[in-house]
Structures are given as C-alpha cells and as structure tokens.
Amino acid sequence: EGKDPKKKSATVCGFPISIFFIVVNEFCERFSYYGMRAVLVLYFKYFLRWDDDFATTIYHTFVALCYLTPIMGAIVADSWLGKFKTIVYLSIVYTVGQVVLAVSAIHDITDTNRDGTPDNMTLHIVLSMLGLALIAVGTGGIKPCVSAFGGDQFQDHQEKQRGTFFSIFYLSINAGSLLSTIITPILRGQECGIYTKQKCYSLAFGVPAGLMVASLIVFIVGSGMYIKTPPQGNIMVKFFTCIGFAIKNRFRHRTNEFPKRTHWMDWAEEKYDKLLIAQVKMVLKVLFLYIPLPMFWALYDQQGSRWTLQATNMDGDFVRSDLPSRHQTINAILILLLVPIVESVIYPLIAKCKINFTPLRRITVGMFFAALAFIAAALVEIQIERTLPKFPSSPEVQVKFINMGNKSLDLTAGTNKVTLEAFTANADYLTFEQHFDLTVGSDFNYSTTLTPGKILLLPSIKKDIEKCPPARFFNGLDSDLNVTIGNLDFGDVSANNMSVYVGPHSTRRFKIKSAAEECVYTQELGFGSSFTLIIPPTFCEQSIRPVLDMEQNSFHMAWQIPQYFLLTLGEVVFSVTGLEFSYSQAPSNMKSVLQAGWLLTVAVGNIVVLIVAEAATLQDQWAEYVLFASLLLVVCVIFAIMAYFYTYIDPAKIEAEFAQIDPKQKEKRRNSRKDSVEQHKEERRSSDSSYDNEEQKQTRI
C-alpha cells in the first residue's frame, strides 16, 4: 500500500491495464451476489419452511444490511488498511459466507431418515444466517472501495478515460446481474441429493460461491499493476471530531463580540489543520446534495415488489416460481443496451448542440425519467383494474350454484332466476346480501346466511394466484377420488367435498382415480384463471365439466416495458453519473467515504418506501404510484435548485494550495487565531470586571 500513487502504469487504448482486472472482479462478484439473491426468498420459503411474511422480512433485512455496511468498509479502507487490502480481506469473508450458505442448503447433512426433509432445521437456519451475515459484511464492505480503487488507477490527465471507466464498471455490474438471474434459477430447478432428489439450492448457491472465488483470484493476480494509494489515517474519526469541535466552538463564541467567520467549519481552525477543514467542507457540500437522492431509490427498488405484484395480474409468463427475478433480467438487458447508447450517442449529440449537460443536470434528468416511469405504471394499473373481477364489499357475498344431479334444475335465489343443466354451474357469480332465500324447483325452499366458508370465490384468490393455482375439483361421488398432475400427487378428495386449487397455468393433464375407474383429463389453464372441474358419477364415460371461476388475465405484460424502459434510462443517467460525480468531487483521502454515502442513499430509499406506503394507506394501487411520482417530481425540483447553486471544485487543486503553505506559517496562523480569541475573552472578562466594580460602588452608595 505504500507504493507511489503517482506511478505510471501500462496502458491499452489509453486505459491502465489494471482496470481490466477490476472490471472482471466486479463482474464475478455481482454475478455471485445477484445469483444468490435471485433464489434466496424461495430458499427461505420452500427449504427453511418459513411463511411469506417472515421470509420477506429476513430478505429485506439482509438487503438493507448490505447497503449499511459500506460505511464500515469505507472507514477500514481510508483509515487503516487501504482500499486494496480491504477488498482482499473482506472478499475472503464474502467467499466464506457464500460457501457456508451453500452448505446450509444441502438437505442430506441432517436427513437421517432419508425422507428428503432435513431433521435438524435449526442447524440449517443457523448456517444460513451466519452465511448471510458474512455475505452482508463482505459485499457491503467492498462496495465503496472497488469503484473508488478503479478511479485511483487514472492520472489527472485521464479524466475522459475515468468517466468511460465508470460506465464500463456499471456495465459489468449489470452483465453479471443479467447472467446470474437467468442461470441461478435454472440451477435451482435441477434435482440433486445423495439419498433423495430435491430442488438443488446447494447448486444454486454453490455456483455463486465459485464465482466469488474466481473474483478474489482475478483481483489478486493484478496486484502488481495497481496504483495503491496509502490510507490517510483515521480519517472518519477526524471527519466527525472536526465537525463536532467546530459546532462546539461556534456555540461557545455565539455572541456578537466575536468576529464572524466565512464558514461555520472555520471555527475548527483553533485545533485542526486548514487542509482537513477544507476536505471536510468538500465532503459536506456533496453530502448536502445527497439529501434528496433517496427518493429516486425509493421508486427504483419497487421493481422487486410493487411492479412484480402488478405483473401477477397481467397476461403472460413474466412471473414463475422458478424465475422469481425476471424483472431484474429485463432491467439488466435494458442497461446493457442503454449504457453504450447513452455514452456514445446521446451525450456526444448533446455536446454538439452546445448544451452544458453537467453531472448534476444528468442526475436531475434521471430522477425525472423515474417519475415518468411511475406515471406509466399508474396508467398500466388503471387498465389492469378494469379487467379484474369486481369483488363485493362487505356484507355482500358472491355465489355460484353447481348442479350435481343428472337432470336440470330451476333455481330462484332472491330476485335471480337460474336454470342449470345436469352437472353444470351458472356462468356468472351472483351477488347477495349474506342472508337470502333459495328455491329449487317447486318443492324445495331453503333460507341461509352465507359465511366465507360457504363461498366458492373469495376476494383473496385473485391476489394470491401464485398460492392458489388455477383449478380445483368438486367430488360429488360417494367415494374418495385421487388427483395427480404429472409426478405430483395432490392426494384424495373426499366424498362431497372440494379440493384445493392445484396445478400451475398452461395446459395440464390430470389423472383422476376412484376405486372403480381411472381417467386422464386435459384442461387449458390461462394465466390468472381458475376453474372448478365437476366430476360426474361415471367420469370416464361422461365428460368432466369445467366451470370457469375466474377469467384469465387479459392485459398483457408487454405493457410494462415502457415503464421499465423509462426507469432503466433514468438509472443509467442517474447512477453512472452519481458514481463519477462522487469520485470527482471527493478529496483524495475521503473518496471511499463519499462512495459509502452514495450507497447509503439506497438504504434510506428503502426505508422511505415503508414510511410512505404505511402513511398513505391508499386503496387504489395506481394512486400510490402517482403519489410516489409526485414526491419524486417535487424532490427533482428541489434538487435542481440545489444543483444550480452548487459550484464544481477540483479537490486536487485545493489540496495542493494548502500543501504549499509552510508548516511554520500554518502554526503561526493557528496561534494567531487562538490569541485573537483569547484576547476577546480577556477583554470580555475585563469589561465584566469593570462593570461588577461599578455595580458594587452603586450598591454601597
């Protein structure tokens, strides 16, 4: 770490060779992280047997921790180890975490009775949490260091190449993300095991662990080519103590008797060097600009929550249990397409038009595109709601009648009259108050109060379509029926009872078996649709009658592409520029600190989602999208105003100016400042003393 930071490294096409090792390292690390995360919730739910709420809570806690630990990594890198050693040591921690997580997913290690289910689930949970904790420390710790370490490889005259590097760096992140979110779910879908074959989570976690090992090896191989900037001491402690002393000293001298200073941080000059104070000022200027930025991430990260849920109410094959992160795949594909277009076409065209498209203006435009994306999402949501079934409001209920007899029936339910042929049901659900009278033919009258247990369609079915796949069986026979789909046996349906919904969407073949006969039935199941299949007494001779409970989704998922395009375009303009801006405006010894501050805005953005969603309590999802878009537009205007008054600086020049000042002259200035303050204090004491003496004289008189 003690090598000369100004040494010249070999270059290819104007770029230092060392950055190619850094880019490959980042690609492998991102593949490892996003690949593991793509199947993590499924692992919680299906392997550890956690319910949806608890699995979601642990998942988001892990993600939040990954974006909070960069502060720790920045402190270690800038204060003690330097960026290179910090990346190496924490990558080892990261790799161990991935290996531990992969081991925790091997069901055979505790499956003593060889039934395919772990017998000691506590051990698997402990190993999983240990692995995730190590991963969070590792990935978060190296996050602010890698991009800053890459920026260190460029000389002052390579400003253009440094900007291109950050674009390539961001491209490698999304290339790793794209491949991992495609490959890892496929690996998870394989079956593996020593005694019994189960979904192969160990392979899905093991491959990312292998990529993390490759990432570490590639980074170490390039060691001799790196420019390694030595750490500048415990800079984070100095940063906060310097700010604390300035505030404390300013408060002590808050009266008008003491002369004002240009900046409130100048009140730290009695104790701290002017160079450090100037560096703190530079960081505070940028951190102040960061205040509005979490709102962008609040919208961006809803791709994985609100937008995925929106897709479940649309027509298509966008969300499947084996591909839970397909939305990340679309985002990564768009980034791979848009980054080179924006860098090589859009920005040069804007420059030719003589428009000064500064980094802060780019960030503002990125936020504007994200707001437009949520407006597009709101328009899509409005169209979706028009296609959804209208559920009754309490105390109303919806009813569908099924005729299990071998002759037609005439029904009178309230004001509704329905004729049902044998083994059929009414096409549309009828809406009633909870209590209503039912007349069947001319000789049967029935009065009932319906409860949720008696209703064939509940409002939750549409929302939980992944939990309640789209077909169920009503057995009107006197004996039990067995229902099988492929190799999956859903068990027996007892006499005069209804099965649960079974089978994912697509064309499915159902094997139905009673004590006397066995038949295969084929049914086309559209995405979002649900059926009740009526089985007549002689189901092999008579046709099984499908009753449509809910029509399939009709608004296609392709309509989500515009909102993904707008959000991804905003991300390219916003995030790539933010990384470059943070590096260019940071002093030499605080670059990782500022990178950590940038990543911290992501964690804060996720907290903003929870706060706004809980506080708003809006009934319509499209209204919530509009709310978020409106908030971001307001923040966008505020940020544009802040950016207008921001003055771009060259940290190297400012540091050079202070470095040229003679140390004796610095000490003389500091002592002069102290003497000035002490003189004011002495004059105040003298004045107070004179006043007290005069007051005592007046009192005696």
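Our numbering is plain: 1 for the first residue shown, then up by one each step along the chain.
Including glycine, each Cβ sits where the backbone N, Cα and C put it.
As annotated in TrEMBL, transmembrane segment covers the listed stretch 9-25 rather than the other ranges in 9-25, 26-42. Highlighted: of the candidate stretches 9-25, 60-81, 168-188, 330-351, 60-81 has the greatest count of Cβ pairs under 8 Å to the transmembrane segment (593-613).
Among residues of the same chain six or more beyond the transmembrane segment (87-109), those with a C-beta under 8 A of the stretch's C-beta atoms are 29, 32, 36, 43, 47, 73, 76-77, 81, 116-118, 123-125, 127-128, 130-139, 141-142, 145-146, 149, 193-196, 198, 201-202, 204-206, 208-209, 212-213, 215-216, 219-220. Relative to the transmembrane segment (9-25), the listed stretch 200-227 leads the set 60-81, 200-227, 282-300, 625-646 in CB pairs under 8 A. Contact check: the transmembrane segment (625-646) against the transmembrane segment (330-351) gives fewer than three Cβ pairs closer than 8 Å, residues 6 or more apart, which falls short of the contact criterion. In this chain, the transmembrane segment (60-81) does not touch the transmembrane segment (282-300); fewer than three CB pairs sit within less than 8 A of each other, excluding pairs fewer than 6 residues apart. The listed stretches are 60-81, 363-384, 561-581; of these, 561-581 has the most Cβ pairs under 8 Å to the transmembrane segment (330-351).
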